Amino acid sequence: MKIYYENDIDMEILADKKIAVIGYGSQGEAQARNMADSGLNVIVGLRRGGSSWKKAHDDGMNVMTIEDASREADIIHILIPDEIQETVFEQSIRPYLKEGNTISFSHGYNIHYGYIKAPEGVNVTMVAPKGPGAMVRRTYLEGFGIPGLVAVEVDATGDAMEQALAMAKACGLARAGVLETTFREETETDLFGEQAVLCGGVTELINTAFKTLVRAGYQPEIAYFETCHELKLIVDLIYERGFRGMWHNVSNTAEFGGLTRRGRIITEETEKEMDEILKEIQNGKFAKEWALENRAGAPMLKRMRKLESELEIEEVGSKLRKLCGLEK
């Protein structure tokens, strides 16, 4: 796999380009400010009167409506939530695109599943930091950065990859390393990671383990510490040193117990379900389900959010996070 670093990338290709960042949330703010601080001509496109308008203006950004930003820019970098991108694109971006323009994303979802289709003669690229916006900005200011991905779905001008790499460098990503991928690979692996591990799998594992201890008569507070609070310590070890480094830094008892029991938690049946989850991502079933959910006003999501907020582990966790000074 090719990894690009700062010395591999020439930002001169963007010298005469105007870049519109659409959205000013976590990623929008970080990427817009980093690119501006790197000397690029950046404008921010927002809904007039929206909550982010004043924030972006106070940060010194050149703020205008999405329509005006799309009309003025050579590169339109779309960093608003997946579920509203199609509507915003069709209403406020597509009418102003010109041949030779570039539309860029930090997640391939809407391009990969066909909800957004670029007009003829327009590049489609991706610049995707592998971390939250706050970290993208903080590490940039510290003189380093976080790794990132770049991809090209449509190269209408012959230099789309060079543009994407230059944007990644301007965001600070090439300081750590930029990897080339595809829209399909980024989208499908990102969704699978979220569903099977990072957001879905981990929370279900934690809550099930917590309920097991409470059901057996242990104090909920102790159960929380053992199944949730201490998870960060282990994840940090894995993040910094890998599995081997984590095993080396826990007790022999923990290592033996973990290695001999983990296969009883993640079973062959679990692996089959993971395969099924991946298939639903690959064949578009999940994307269709999410689209229908949004068109209906997200009733299932709202209901599940309410149920999550009422979990015992949430009540106990809030109390203990206050005790630890993590929550006010």
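Each residue's number is its place along the chain shown, starting with 1.
Just so you know, glycine gets a Cβ as well, placed from its N, Cα and C.
Residues or ranges marked as domain 'KARI N-terminal Rossmann' by Swiss-Prot: 1-181.
Taking the Cβ of ARG47 (NADP(+) binding site) as centre and 10 Å as the limit, one finds 15 other Cβ atoms among all the protein chains shown. Residues or ranges marked as NADP(+) binding site by Swiss-Prot on the basis of sequence analysis: TYR24, GLY25, SER26, GLN27, ARG47, SER52, ASP82, GLU83, ILE84, GLN85, GLY133.
Neighbour count (other Cβ atoms within 10 Å of the Cβ, all protein chains): 21 for HIS107 (active site). Per Swiss-Prot, the feature active site maps to HIS107; the stated evidence is sequence analysis.
For 182-327, the entry in Swiss-Prot reads domain 'KARI C-terminal knotted'. Within the domain 'KARI C-terminal knotted' (182-327), the DSSP-based counts of helix, strand and coil residues read 124 helix, 0 strand, 22 coil.
Annotated Mg(2+) 1 binding site per Swiss-Prot: ASP190, GLU194, in sequence order, evidence recorded as sequence analysis.
According to Swiss-Prot, the feature Mg(2+) 2 binding site maps to ASP190, GLU226, GLU230. A sphere of 10 angstroms centred on the C-beta of GLU226 (Mg(2+) 2 binding site) encloses 14 other C-beta atoms.
Per Swiss-Prot, the feature substrate binding site maps to SER251; the stated evidence is sequence analysis.
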Spatial neighbour of GLU230 (Mg(2+) 2 binding site) that is closest, considering only the binding-site residues SER26, ASP82, ILE84 and their CA atoms: SER26
Cβ neighbour count within 10 Å of TYR24 (NADP(+) binding site): 28
Cβ-Cβ distance under 8 Å to GLY133 (NADP(+) binding site), same chain, at least six residues away: GLY25, SER26, GLN27, GLY28, GLU29, ALA30, GLN31
Cβ atoms near ASP82 (NADP(+) binding site) (within 10 Å, other residues, all chains): 19
Candidates TYR24, ARG47, ASP82, GLU226, SER251, namely the binding-site residues, that fall within 10 Å of ASP190 (Mg(2+) 1 binding site) by Cα distance: none
